Amino acid sequence: MKLKSLILGDIRQQYKYGFYALYTLFTLVYIAVLRILPMPWKELCTTTLIFSDPVLIGLMFMGAIILFEKSEKVMQALAVSPISIHTYILSKVISIGLISLLSGVLIALFSGMEHSYIHLAVGIMLGSALFTLVGISLSAFISTMNNFMLIMVSTLIISIAPISVYTMGYKSGAMLLHPSISFIELMSGNISVMSLMVIIIWCIAMYIFSCLSVKKMMTI
């Protein structure tokens, strides 16, 4: 019940601050652009676009969300409440994941391409979860919006840049160690044991870091 209440509270907050309206607009624009692309480009662009925007929403917005919560003394309240750190983090992961999943699946559905929707949905949810956890982990080190923008842009470059190299044909197996490449493979339906292991290890590692970050923010 605590988790459900937190998720509903996060969804209301995200709706209030325009996340759903913003991603409705983005989704419509992306669909329109993808439908006019020539077929050889469409599949690659669809998968890359779904990864680079809906999946990364947690990274892009989590800093702003937590800055707002810091200003409202949410972290101090969390420290004395019966709500656990794990419940707090899961609420953020699930609520952001819903936006990512809705936007990503709609983009894929109306882009005019056939997809393995099971692989796509799993890839979107896991990718959204990982980068939401990254966003939470980084939030412990930000105190202003300028700090957040600097850290977020740097992290986005590190997250997205290898995709450009990979999509241009350099497909070394070692590149699967980068989580973004493993997610692109999973969402494209090219699932492998190595890519799954990489995703799982990254998710576990970032979950541990996000727990430590929330604990740190509760003591500030």
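Cβ atoms are placed via backbone N, Cα and C, with glycine included.
TrEMBL: automatically predicted annotations, no manual curation.
The annotation transmembrane segment is assigned in TrEMBL to 20-37 (among others).
Annotation source TrEMBL lists transmembrane segment at 49-68 (among others).
Within the chain carrying the transmembrane segment (89-111), a Cβ under 8 angstroms from the stretch's Cβ atoms is held by residues 3, 6-7, 9-11, 14, 19-20, 23, 26-27, 30-31, 34-35, 42, 46, 49-50, 53-55, 57-58, 61-62, 65, 117, 120-121, 124-125, 127-129, 132-133, 136, 207, 210-211, 214, all 6 or more beyond its ends. According to TrEMBL, the transmembrane segment annotation covers 89-111 (among others).
Within its own chain, the transmembrane segment (117-141) has Cβ neighbours under 8 Å at 50-51, 54-63, 66-67, 89, 92-93, 96-97, 100-101, 104-105, 108, 147-148, 151-152, 155, 159, 179, 183, 186-189, 191, 199, 202-203, 206-207, 209-210, 212-214, 216-217, counting only residues six or more beyond its boundaries. The annotation transmembrane segment is assigned in TrEMBL to 117-141 (among others).
For 148-169 (among others), the entry in TrEMBL reads transmembrane segment. Same-chain residues lying 6 or more positions outside the transmembrane segment (148-169) and placing a CB less than 8 Å from one of its CB atoms are 44, 48, 51-52, 56, 59-60, 63-64, 67, 131, 134-135, 138-139, 141-142, 175, 178-181, 184.
As annotated by TrEMBL, transmembrane segment applies to 189-209 (among others). Among residues of the same chain six or more beyond the transmembrane segment (189-209), those with a C-beta under 8 A of the stretch's C-beta atoms are 89, 115-116, 119-120, 126, 129-130, 133-134, 137, 173, 176-179, 181-183.
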